[in-house]
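Undergrad: Please see the structure below; I have some questions.
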Amino acid sequence: MANVVVVGAQWGDEGKGKIVDWLSERADVIARFQGGHNAGHTLVIDKKVYKLHALPSGVVRGGKLSVIGNGVVLDPWHLMKEIETVRAQGVEITPETLMIAENTPLIMPFHGELDRAREEAASKGTKIGTTGRGIGPAYEDKVGRRAIRVADLADDATLEARVDRALQHHDPLRKGLGVEPIDRDALVAQLKEIASEILPFAAPVWKVMNEKRKAGKRILFEGAQGALLDIDFGTYPFVTSSNVIAGQAATGVGIGPNSIDYVLGIVKAYTTRVGEGPFPTELLGADGKPDADGERLGTRGHEFGTTTGRQRRCGWFDACLVRQTCATSGINGISLTKLDVLDGFETLKICVGYELDGERLDYLPTAADQQARCKPIYEEMEGWSESTEGARSWAELPANAIKYVRRVEELIQCPVALLSTSPERDDTILVTDPFAD
């Protein structure tokens, strides 16, 4: 049976939630392998809206096993609130349907406090645009070998020792930022209280995943955010704190890379970004605010963050960036989403290269100062007046919409496997089945 990795191929918000839900119907296991609750997934099923941040998208589908892997950083309090919310919507979540890797690092309240304090202290131009939810500091503690992990909740003595080690590092940091010391006893009490709620879901996920693989079960690996936010291959330092590309799927759950059969990249038919950082095709007017086309994309596409509510920056499709992502993630095919948002544009533009200091480039350079100076080189295409919303076959698409899709394929050097024409899961055109053996 084929195992599929789903990754965002831009800066996140590409519509992964819908595609994962669409694919999860035929998967047996759905696993989150990186990120935290800073990335939101919006699912629309039978007109009911589910907004998930920590939970895998597969939880809304009965009879599936959802997994939170060790590559994730997990806020246990947020997770339990999210479980309560989803249960209130009629979704059953039990230790039989949700497993959390025992070696998953936990996000502590002091991680979010540190995140926000640093962002507030940062001077203009150096802010990252973090969600302030503690993701970065939690990953820092993981790499610094002072993280508190799910398994630590099972033993009081171990837990208190882990807390003491973390505080030895964090209290001096807080002092330098003018933040009060952490209340050690209160934190320990909070952790002991939440332990009884989290531990029933704890499991040796690496073992379970390998058993499922050997049994021929179909596994769907669900990434958060987008590859252009990858800590190594994104627009550093305006990135997230984990690896987002497909290679992380294996290490993020404890399964071998030879277990991955297909990588599906989720690509929006235009480009958006939340927060700071370079964005060559961003549509801005002379006043630095979105121009008419940028406003139109944002309004039609409902471009507001699931997690923060922040308005997303909008721009034309950037073929160079997506082509890079197809290479770094080994993408076999893409799911092109939100094609319907482009309905009604007389002219569409696609970025086919950059001009940097008089030279033409076909990729975005690594250095941040060069990224900021890159100017897009556009190719124009004729738009279409007809509606593509809700289309479920190529025959329902306008000729110019098909031309646009085909040109995207040519420029990114990767085929379209799925085409999404609305937030509804069934408004999807299947070209290549990622789960096909």
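Glycine is no exception: its Cβ is also placed from the backbone N, Cα and C atoms.
In case it helps, Swiss-Prot gives these features for our protein:
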- 12-18, 40-42, ARG312, 338-340, 420-422: GTP binding site (BINDING)
- ASP13: active site, proton acceptor (ACT_SITE)
- HIS41: active site, proton donor (ACT_SITE)
- 281-304: region 'Disordered' (REGION)
- 288-303: compositional bias 'Basic and acidic residues' (COMPBIAS)
- THR306, THR307, THR308, GLY309, ARG310, GLN311, ARG312: substrate binding site (BINDING)
Undergrad: Check each residue in the chain of ARG310 (substrate binding site) that is at least six apart in sequence and keep those whose C-beta is under 8 Å from its C-beta; list them in sequence order.
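TA: The answer is VAL274, GLY275, PHE304.
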Undergrad: Given the binding-site residues GLY15, LYS18, THR421, which lie close to ARG312 (substrate binding site), meaning Cα to Cα within 10 A?
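TA: None, since no candidate lies within 10 Å.
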Undergrad: Could you give the Cα-Cα distance between LYS18 (GTP binding site) and HIS41 (active site, proton donor), in whole Å?
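TA: Distance (Cα to Cα, whole Å): 8 Å.
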Undergrad: Which state, by DSSP, holds LYS18 (GTP binding site): helix, strand or coil?
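TA: In the DSSP reduction, LYS18 (GTP binding site) maps to helix.
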Undergrad: Given THR421 (GTP binding site) and HIS41 (active site, proton donor), what distance in Å do their CA atoms have, once rounded to a whole number?
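TA: Taking the Cα atoms only, THR421 (GTP binding site) lies 17 Å from HIS41 (active site, proton donor).
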Undergrad: Three-state secondary structure of LEU339 (GTP binding site) from DSSP?
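TA: It is helical.
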Undergrad: C-alpha of THR42 (GTP binding site) to C-alpha of ASP13 (active site, proton acceptor): distance in Å?
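TA: Cα-Cα, rounded: 9 Å.
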Undergrad: Counting other Cβ atoms within 10 Å, pick out the least crowded of the binding-site residues GLY12, GLY15, GLY309.
TA: GLY309
Undergrad: Ranking the binding-site residues THR42, GLN311, THR421 by other Cβ atoms within 10 Å, which is at the bottom?
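TA: Per-residue Cβ counts within 10 Å for the binding-site residues THR42, GLN311, THR421 bottom out at GLN311.
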Undergrad: Checking the recorded positions HIS41, GLY309, GLN311, LEU339, which are within 10 Å of ASP13 (active site, proton acceptor) at the Cα level?
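TA: Near ASP13 (active site, proton acceptor), where near means Cα within 10 Å, the recorded positions are HIS41.
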Undergrad: Just jot down the residues in the same chain as LEU339 (GTP binding site), at least 6 apart in sequence, with C-beta under 8 A of its C-beta; none if empty.
TA: ALA269, THR388, ALA401, TYR404, VAL405, LEU419, SER420, THR421
Undergrad: C-alpha of GLY309 (substrate binding site) to C-alpha of GLY12 (GTP binding site): distance in Å?
TA: 14
